[in-house]
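Pulled from TrEMBL:
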TRANSMEM  12-33  transmembrane segment
DOMAIN    22-336  domain 'Major facilitator superfamily (MFS) profile'
TRANSMEM  70-91  transmembrane segment
TRANSMEM  103-123  transmembrane segment
TRANSMEM  129-151  transmembrane segment
TRANSMEM  163-187  transmembrane segment
TRANSMEM  193-214  transmembrane segment
Amino acid sequence: MEQEGQEKKKEGRLTLVLALATLIAAFGSSFQYGYNVSVVNSPAELMKQFYNDTYYDRTGELIDEFPLTLLWSVTVSMFPFGGFVGSLLVGPLVNKFGRKGALLFNNIFSIVPAILMGCSEVARSFELIIISRLLVGICAGVSSNVVPMYLGELAPKNLRGALGVVPQLFITIGILVAQIFGLRSILANKKGWPILLGLTGVPAALQLLLLPFFPESPRYLLIGRKNQDAARKALQTLRGWDEVDEELEEIRREDEAERAAGLVSVRRLCGMRALRWQLISVVALMGGQQLSGVNAINYYADTIYTSAGVVATHSQYVTVGAGVVNIVMTVISVSA
């Protein structure tokens with residue numbers, strides 16, 4: 001009876017290594033995803049003015065209103081388009097570099113554009129911003145898939161659900177931080193907006209420095225690399241005890257079951273009657289979230305609130321308030 005209690009205690013243990021790996025992965029990837037969702041909202045008018053000034057310096061003419069609006073729409077939409085591209089890169093990256101390796105490699109798509117955006121005003125090139133938005137979108141597309149995968153494979157079964165919500169929480173925190181830094185009294189001003197855009201590289205740089213000290217996914221090491229010793233060492237580090245053979249065997253059984261079932265294509269999945277309602281539920285929930293317009297609010301919050309009658313100088317604070325509500329509701333939903 002005492003032995004069972006000890007095993008149960010071990011099973012539910014959140015070790016310091018596991019907690020830190022979770023925080024570093026989520027801060028370095030999910031946080032900057034949320035940050036880049038919201039960061040262009042507050043300095044929008046300043047950036048449009050920069051676009052116009054740059055074009056005038058080159059041609060001696062100002063950009064007409066419609067082309068300027070179109071150019072700004074392209075700037076904003078490059079981020080979700082990059083996310084689509086990034087999601088297609090997930091499979092090749094995690095198979096080649098592993099889960100942790102993919103996250104480290106992915107930081108290239110954050111640090112490089114952060115430097116480009118930070119230097120865009122000095123270089124007098126709005127094209128750098130557009131290209132950088134595409135690159136940080138790729139970073140977000142990769143991280144939004146790899147972080148949950150990495151954390152899910154690090155965590156013991158009983159903690160997977162709890163750690164699985166951490167990335168979403170950090171996304172909302174990233175959105176709020178971008179909104180706070182985007183206040184006109186902080187960085188959403190003529191001198192500060194390039195710094196505001198460039199700060200996205202800070203979480204990536206910290207992750208690049210710290211994450212190498214933490215274990216790779218034991219599942220990837222065992223199944224992908226066929227390195228049982230490395231997988232055992234990783235599990236021992238994560239769990240805080242030496243007896244991990246049973247968990248290694250469980251990983252093998254899961255892999256064998258997946259291989260026996262075979263890969264399921266999207267077409268085959270859509271044709272499986274047993275999973276039809278589950279598939280419809282997932283599509284309806286995810287589609288409903290996107291169609292709710294929440295992303296449009298994050299991208300254009302100040303403009304939307306001003307158009308709705310909020311005084312322009314107050315709209316930035318309403319935006320921050322919405323970010324706080326976003327975090328509160330996320331905490332409530334994951335705690336329920």
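Note: Cβ is positioned from N, Cα and C throughout, glycine not excepted.
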*Excluding the flanking five residues on each side, which residues at least 6 beyond the ends of the transmembrane segment (163-187) place their CB within less than 8 Å of a CB in that stretch?*
18, 22-23, 25-27, 29-39, 41-43, 144, 147-148, 151-152, 154-155, 193, 195-196, 199, 298, 301, 313, 316-317, 319-320, 322-324, 326-327, 330-331, 334
*Looking at the transmembrane segment (193-214) and the transmembrane segment (12-33), are there 3+ C-beta pairs under 8 A, with each pair at least 6 apart in sequence?*
yes
_For the domain 'Major facilitator superfamily (MFS) profile' (22-336), mean pLDDT (0 to 100)_ = 89
